[in-house]
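Below: the structure, in structure tokens.
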Amino acid sequence: MEADWVELATAQLHAPPSDQLPPQITTLAFDTCEENLWVGTNIGYINAYHGHGLTRYTAYRGHYQLVHQILFTDDGVLSVSDRSLHYSRRGGFAIWHLASDLFKNIRCMNFTSKGTRELLVAGCQTQMFLVDMSKGMITKMIRAQDEYTAMKRVGQYLCLATHHGNIHIVDSVTLDVLKVFECHTSYINDFDAKGDFLITCGHSPRPIQAAYVMMDPFINVLSLKTLTKLPPIPFHAGAAFVRMHPRMSTTSIIASPNGHIQIIDIMNSDSPQVRQINLFDAYIRQFEIAPSGEAIVLCDTNGHVHIWGSPTKVQFAEFANPSEFADPVPHLPDMDWSNDTPLSSIGMPYYSQPLLSAWPSDMVFEVGAPPPKIADDIQATMRRSQIGFYAPNPGKRLRNQAEDTRQDGKSITLITPPKFLSEKARASRSSGEGDETITETLHALTDIHLEELTTKNVPAMYGKLEIKYGKFGVNDFDFGYYNKTPYSGLETNIANSYANPLLQICRFVPLLRNLAMRHTACACPYDHCLLCELGFLIDMLEKAAGSSCHASNFLKAFSRTPSAVGLQLLEGQPAHIPMTNLIQNFSRFLFEQLTNDFRRQPSSSDGFSPMDQVLKTQYHSYMRCDTCHNETARDGHTFVTDLVYPPKPANVKGARPHFSQILKASVERRDQTKGWCNKCQRYREMINRRSIQKIPDVFVFNASVSTKEIRSLWSHNWLPHEIGIIVSEDGQFFCYQGKDLQLHLDRKAHNIVVYDLIGVVNQIDRGDLQTPHLVAAINTAPASSQVGAEDSWHLFNDFLVRPIPKEEALRFDQEWKQPSVLVFQRKAGRHQIDDSWRTMLDTSPLYHPTPLVSQPAVQRHPDGCIRLNPEVEAPQSGYPVAIDTEMVEHQKAEMDAKADGRAEIIRPRRLGLGRVSVCRGAGERAGVPFIDDYIAASEPIIDHLTPYSGIYPGDLDPTTSRFPLVAHKHAYKKLWLLLNLGCVFVGHGLVNDLRIINIFVPRNQIVDTAELFIKRSISDRLIGLRYLAWLILKEDVQSETHDSVEDARTSLKLWRKYQEFVDAGVLEQILNEIYNVGKPLNFKVPGSGGAENNSNEKAGSSPEVAQSVPVKKGVGLRFGRGFRGPKR
């Protein structure tokens, strides 16, 4: 490790899908034949990086468990995991894959005396295996003398490290153990062997606390020439990794986890060379030296790979072969193309015989169809047999019934999607018809279409919906086609959007809604709080009043919750879990998490909180021995009750149980199991029962419909819309419905609590080419502030919302519609809408520093950001604030190429908030920002969009950022406070900004300068901010990159100019001038090159606009203390 060695490159594993955790590096290896570095991960992927620049070379998945070791041959790459061996070409193509039931815990491998023809495989198990490299087969099993964790080959020996701290020297020919060295009293962490020496480092028990281990402060040295121990080498920092130098036979490299490295001559350990690698807040996890000795690689606990070496002579392999790369894509000649270009001008190759593509009609055949896809409910119950798998027959198909699988995998939409908004606008202008006539016609057609019946008599309104993306993205989709009600739907193009129906029900439960809004309005210091996110979502849905919304902020916070990941609640995490089971598991998690979040508030008492009163069922659980009748009791609680059904419903007519009977049995939970009796001191039959102590204001039930017999119970009118519950003093639970309930209400003999059915989450399974999905039937009347409002049921199918009769809401079908989650609320909570939170807003985040995400001490704060003064600058209703945001890209768009050559967007690119800036809109400090937050990245960023965002790589990483970073929730909270204080948001192109922020601002609180300077009679095109600033303000903005403070301030100036033009009565003249000057320039600043901004462009080169327009004196950036509301 010479003096000129520096860190040459750093690489990080590619970003995982949004619903998975980042992969961890488990092994590193330098290629012995090419200039490649190979990396194995904990999820079985093998990645390769080429050269010291660490350019990505290849990546493939070789295993389903973590990769323990990587080994090389001239032909390919070997990798080993717990239960498999994988051998592939360096390009990633598999040569063979060996998985065996004999492999239980394989850890290491190496070649025997036969070279690369035979492989010895060992691990923490009782057998070792010899594998034929040419066939990929086990040729022999050998009894292992110990459990082995690592293996090296030196000359005639195979050196194996055991799980108990020993080194076994094995003959590579006979595979007999020749010598055993006791090196460490606990286990060996790392070892290496070269030439005549073998060195080890490991752990030993602590002197006082033997249950804990510590790194040994020395290195053991063994002589392979005499098979004896040599004097150990001291290393007081604690050795975690050791390597012998590939070229210098007596030189070793020792490293500690904190980056302390020593280069020591084994024969002269008194003069080591010391190096320290700066790892900031990380530790070394893997360490390796190149076969040439000219480079070392280490992996830290943050998942970064670091290459160190000399910039002038670094190389990996001593004699490297050239690596094979993909063939370059040939560049096609450029040609001019327009709508007037004749097709005959496109050259075609000359040919004198029929082309291969000219198939005669008698040679075109319909080939075999793919096999039918196995249903998810079948896969969930599959069991392994001696040959293949077996599962119970769900009975969904007739015997010998064939299935058309040619369209399998293609989404079938019951509802024909509407035209894009841009297409409707063009059609409206071309036809000359009024908007009202077209709208009325579309409404009538939609109503007829939604009530049509399809397969299994399923109404079209229950079909699975898809968002189609036009040239303007999701903003071009007509959500209004699916929703004519004042209740907003939720979009589906977001991970984990299966939760949409249950989130909609939460919005219409007044008692839960009130607590969520009250909590959101107060000071919550936690970065990840689902209760705050639920409050933000409910407020957005109420303000949107029918406009489409999306729950991306809530679902992102949900996906980052550790317990959600552990419970496998994320989409795609479990292999084949049915959708109804997924939403039921989510309901258990959600309501318990909301209660925990509410309880974390400092103002919340440690005892029974208001959220406990709303959601928690408390009981005493009794367990009685059926033999000695000894009974034990304990306290318990639940937030969601699973319905329990009789084992076998009687087939006698009239014997079907009522819903109230099922509910009583489910809450009391009387059953019999085998358990330990302390009095009998043996296992006995135990009788379990519950004594109910307190019932909640909101009852949540999981329907738990799992069998055909249970599905038959859920028929028409079986679920009541109202139930009555009595809890006696001794804890007995009684439930009534229908006439029995009315009888108790008339008698008034007991304290009966009446519950209304608020909503039902249903699974819709058409059974054909559509996958099952979830919808909600919700009674919106209890959430209305109008006392006495009649029940009004609505279907919420994601962004489709329409009123339905109560009979339809409570109708179920064994074939395609089954309940998943039921929510009841006390009837006394009906219409109890508490909006007092609006007067109790905690506005301190607007005036005080925001809690920062942990990061290095050296930071550069955003320049010129001055927080509001609460005494003189407290925002009031109508106060204008200028806002702009910058985005980063988390996921590329998914495209699908159609047969006609068109590219269709399947899923748009996913953007995230990177920076948000808000400036004062009036007063002495008008134009001065009081919010300029950089948002800490909580998921991988694949593109910082620097030319358009001004955000550079590392700016949003807490470990490398130059700026103070805040959590997304705290930045969002400040914007939410401004919204609810009645501030007016001024910006340019606010539609996209507000969508990425995921906040809904009413139209009377928006001033979008992109909409002000537009003339619909000429064009619907929105004019860019830079062109308007150049033409109207004589300013050059966005010359090099975008800056959100500059853009917000520019939007504010344009709005003030607009007000001046309106006051002077010259707005029409200004708009004509904008279009007259802009059309020849394509509305670009001269010299900007259309798409690229030119930093040398002069602002003064813009033409004079409307010289006759009177300009108010003193109106510039400082607009005075007064301000006016937006002119719409």
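We number each residue from 1, going along the chain as drawn.
Yeah, the Cβs are placed from backbone N, Cα and C, and that goes for glycine too.
The annotation region 'Disordered' is assigned in TrEMBL to 389-408, 1088-1128. What TrEMBL records for 488-827 is domain 'USP'. For Asp884, Glu886, Asp993, Asp1047, the entry in TrEMBL reads divalent metal cation binding site. According to TrEMBL, the feature compositional bias 'Gly residues' maps to 1117-1128.
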Query: Within 10 Å of the Cβ of Asp993 (divalent metal cation binding site), how many other Cβ atoms can be counted across all chains shown?
result: 23
Query: Hey, does DSSP put Glu886 (divalent metal cation binding site) in a helix, a strand, or just coil?
result: strand
Query: Taking the domain 'USP' (488-827) alone, what is its mean pLDDT?
result: 88
Message: Can you name every residue in this chain, apart from Asp884, Glu886, Asp993, Asp1047, with its Cβ inside 8 Å of the center of the Cβ atoms of the recorded divalent metal cation site?
response: Ile883, Thr885, Arg915, Val916, Ser917, Gly987, His988, His1042, Ser1044, Ala1048
Task: Measure from the Cβ of Asp1047 (divalent metal cation binding site) and count the other Cβ atoms within 10 Å, all protein chains considered.
output: 27
Field: In three-state DSSP terms, the structure that Asp993 (divalent metal cation binding site) belongs to
entry: helix
